[in-house]
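*Asks:* Questions regarding the structure given below will be posed in turn.
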Amino acid sequence: MILLGSTGSIGQNALSLARDFRLPVEVLVAGHNLSLLNAQIAEFQPKIIVIADSSRASELSLPKDSKLLFGEEGIIESLHLAQSSFVLNALVGFLGLRPTLESLRLGKTLALANKESLVAGGSFVDASKIIPVDSEHFSLWFLKSDKPFSRLFITASGGAFRDTPLEEIPLQKAQAALRHPNWSMGRKITVDSATMVNKLFEILEARWLFNTKSVDALIERNSLVHALIGYPDGSFSAHIAQADMRLPLAYAMLGKLDQPLGPPLELERLAALSFEPINPSRYPLWNLKEKLLTHPWLGITLNAANEVAVEKFLEGKILFGEIPRYIERSLERFSMIPASIEELFALDSEVRQFAHKL
């Protein structure tokens, strides 16, 4: 396995499965958590390791005959050097797009947890060759058959501020936004869950993966129903499972799963099941949903502006309520359709420069 993003929550879950099912790991790619990476290296003995910063190379304890690479170019080189045919892209942010494109170009099997690859680069990615790892898209894939459908639904937990009084939400700081009610995730995706940007991303991902604009989302507070498919006859199918990222990862890594990964879901827990609409008064960015489905190339601008805003928010430079302004102003300024992957990367850079000045 080639694991891009080994020290994040997805990467750690993937390595838990690799341990349980004795799967070899050839490549580990990580950012700055080198203490955890060292523990992973000691256990899995990868042949190739990639880290973000070459100046920290001395902090690593490397296996004999292993190769150490650095940065984005190192990630791409590792894809070429590795013999493994399976790639799990669990990188965070726009950084994940180029490795996605290169993995597919090299004919490798790609399990995708990097949302931004499709959000920003969906026009240039062959989504039919991707194994989805997001719990929602895995659930749609699990449910989907040749039977015609009328609508796809994914679910949201509502994030950290789902019950916060509306007037208090704009004043919130990072510490409060990082208290997700259901999932243990990375910092950026937890903030994206609170703004509902994460669900906008997933709506766009579903559009590319399943080739439909008929995608919507609902709040299901327990994170037990991950997706639903509506049929022309008015009936629905739902995928119900524990909130455990190892389930979609297991199908991606193993191809199938014929044993439980944990205790079975107690059906009594479904007694309190309910679905709520996503209220734009609480999640103002949700107003962008139809615009993004109609003009999916705007995902490039959405993603770039959001990354800048979330970084500033996590650094304490802006309050939670200022995040939408960065995105809305950027979308007002940039609406062009990139004609090539080079234009896409140029647009991403231009949006970031604009957003940094806001």
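Here the Cβ of each residue, glycine as well, is placed from N, Cα and C on the backbone.
Note that the coordinates shown come from a computational prediction; the quantities given were computed from them, not determined experimentally.
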*Asks:* Of the residues Gly158, Gly159, Gly186, only one is listed by Swiss-Prot in the NADPH site with Thr7, Gly8, Ser9, Ile10, Gly31, Asn33, Asn114, Glu116. Which is it?
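*Replies:* Of Gly158, Gly159, Gly186, Gly186 joins Thr7, Gly8, Ser9, Ile10, Gly31, Asn33, Asn114, Glu116 in the NADPH site that Swiss-Prot records.
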*Asks:* If Swiss-Prot gives Ser135, Glu136, Ser157, His180, Ser193, Asn198, Lys199, Glu202 as binding 1-deoxy-D-xylulose 5-phosphate, which of Lys108, Lys115, Lys213, Lys256 does it give for that site as well?
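*Replies:* When Swiss-Prot describes the 1-deoxy-D-xylulose 5-phosphate site, the candidate it includes is Lys115.
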*Asks:* What is the Cβ neighbour count of Glu136 (1-deoxy-D-xylulose 5-phosphate binding site) at a 10 Å cut-off, with all protein chains included?
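*Replies:* There are 24 such Cβ atoms around Glu136 (1-deoxy-D-xylulose 5-phosphate binding site).
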*Asks:* Using CB atoms and a 10 A radius, I'd like the single residue among the binding-site residues Thr7, Ser9, Asn114, Asn198 with the highest neighbour count.
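*Replies:* Counting every other Cβ within 10 Å of each candidate, the maximum falls on Asn114.
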*Asks:* Out of Lys115, His180, which has the highest number of nearby Cβ atoms, where nearby means within 10 Å of its Cβ, if these are the binding-site residues?
*Replies:* Lys115
*Asks:* Restricting to the same chain and to sequence separations of six or more, state which residues have a Cβ under 8 Å from that of Gly186 (NADPH binding site).
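*Replies:* The list for Gly186 (NADPH binding site) reads Gly8, Ser9, Val92, given in order along the sequence.
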*Asks:* Whole-number Å only: compute the distance from the Cα of His180 (1-deoxy-D-xylulose 5-phosphate binding site) to the Cα of Asp134 (Mn(2+) binding site).
*Replies:* 17
*Asks:* Restricting to the record's 1-deoxy-D-xylulose 5-phosphate-binding residues (Lys115, Ser135, Glu136, Ser157, His180, Ser193, Asn198, Lys199, Glu202), give me the longest CA-CA distance in Å as a whole number.
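*Replies:* Maximum Cα-Cα distance: 19 Å.
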*Asks:* Just jot down the residues in the same chain as Gly31 (NADPH binding site), at least 6 apart in sequence, with C-beta under 8 A of its C-beta; none if empty.
*Replies:* Gly5, Thr7, Ile51, Ala52
